[in-house]
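Copied from TrEMBL, the annotated features are:
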- A:66-174: domain 'Plastocyanin-like' (DOMAIN)
- A:HIS110, A:HIS115, A:HIS150, A:CYS151, A:HIS160, A:MET165, A:HIS321: Cu cation binding site (BINDING)
- A:190-341: domain 'Plastocyanin-like' (DOMAIN)
Amino acid sequence: MAAPALAKGKSSPAAEKFLSEPEIAKLKRVKVDLVAPPMVHKHEQVASGAPRIVEFRMEIEEKKMVIDDNGTTLQAMTFNGSMPGPTMVVSAGDYVELTLVNKASNAMPHNVDFHAATGALGGAKLTNVNPGEQVTLRFKADRPGTFVYHCAPEGMVPWHVVAGMSGTLMVLPRDGLKDPAGNLLRYDTAYTIGEFDLYIPKDENGKYKDYKTLAESYGDTAEVMRKLIPSHIVFNGKVGALTGEGALKAKVGETVLLIHSQANRDTRPHLIGGHGDWVWETGKFANPPEKDLETWFIRGGSAGAALYTFKQPGVYAYLNHNLIEAFELGAAGHIVVEGKWNDDLMKQIKAPGPIVA
Amino acid sequence: GLASVAATAAAQTVNPAGEKLYKTACIACHSTGVAKAPKLGDKNAWAPLIASGMDAMMEIAVKGKGAMPPRGASSADDATLQAAVEYMVQASR
């Protein structure tokens, strides 16, 4: 009886097959155009064919960004101009082939460390690019899950990460997401949320400082970082980025996958008025998801994923449930849901009014 | 001893804007040696640079070299930039 059980464990090292370079060269290639967060590029949830080489291209862009409604600025560093960088999706067994471009207009050297990859500091050692250079890295995405990627230049890793350089690589199981009983779980829409703890220095009058250049923001920023108290904590680059015009959208009956990355600091996502129907809070799909979660927990340095099927219309808040971090520092967004109200799930029996004895 | 007295005297003639710029911007790479930047205080790394003279070091500081961006990616003027170079040279002799 032990034999079938062993055969099921596909990840046992003895069962691993490593392809030779000629074998890899024969794999089908696909080129994927990335889209800006919170959207995720079109992808298959169940792989329809054999492993492929999936080509991506990202440009690093350093720029000054306004990060709150008071005009506070961050000397930011980004993959593709956004915080977070775009989410890349492949299936387990596919090869990721990333071309990383460091625009000539940038000032700093950069690279990329994929938590999904194996060897060479996640690829960081093989992707050091100065302004005006590009590099191409290939790695096998052999573990399913949501994984952080981030810049990690030796000697100044935390600064590049907290200045914006992180995103998610989602590696789907080839046969799709499963509940603990092995039933297929599907989503209609995937949204990607990157949470960023920011460390903006203040001047002697208590006002946030604005810097002429990225390099000039370094010394003061490092001092704020060392105190471990963020000045702002934002979703997708700015206080309120996912509210109003930027709010996420869904319909009653729609199943949404919420991917949440935090490359540096812990967070605890919660959907007000909703739940996590199925949650991989450590983000690795070979593990059974947990059910019915009120609040889940993303470790700093990881990405997690939650599935939810909306049952009621209205405006939901999706936030970090340290409510000071959410409402004072910025870690909150909205999901606007259309559809029909369900009185069985909730009903206001008597509207607020004067107290009656 | 005498040497430290001499060093103190030398320090007093240095433009303090140099140390300030170093601690604001240059420190990002030169404190740990990011992308092969010569580390502050690393005598061996700095000896050939110091031997090349201030004009040559200023040429690198102003125009950039390799991963080092022009003006160290700062908005500093030439005088402040030179003061920062002098600060780094003094700390690395």
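Residue numbering: from 1, along the chain as shown.
Glycine too: its Cβ is placed from the backbone N, Cα and C atoms.
The structure displayed is predicted, hence computed values, not measured ones.
Sequence features, as recorded in TrEMBL, placed on the structure.
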residue	record	contacts (Cβ under 8 Å, 6+ apart)
A:HIS110	Cu cation binding site	A:ILE60, A:MET77, A:LEU100, A:ASN102, A:ASN128, A:VAL129, A:CYS151, A:PRO153, A:HIS160, A:MET165
A:HIS115	Cu cation binding site	A:GLY122, A:PHE147, A:VAL148, A:TYR149, A:LEU169, A:GLY301, A:SER302
A:HIS150	Cu cation binding site	A:VAL112, A:ASP113, A:HIS160, A:VAL161, A:MET165, A:SER166, A:GLY167, A:ALA263
A:HIS321	Cu cation binding site	A:ARG268, A:PRO269, A:HIS270, A:THR295
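Other Cβ atoms within 10 Å of the Cβ of A:MET165 (Cu cation binding site) number 29 in total over all chains. Secondary structure from DSSP puts A:HIS160 (Cu cation binding site) in a helix. Averaged across the domain 'Plastocyanin-like' (A:190-341), pLDDT in this predicted model comes to 98. Following the DSSP three-state reduction, the secondary structure of A:HIS115 (Cu cation binding site) is coil. Under the three-state DSSP scheme, A:HIS110 (Cu cation binding site) falls in the strand class.
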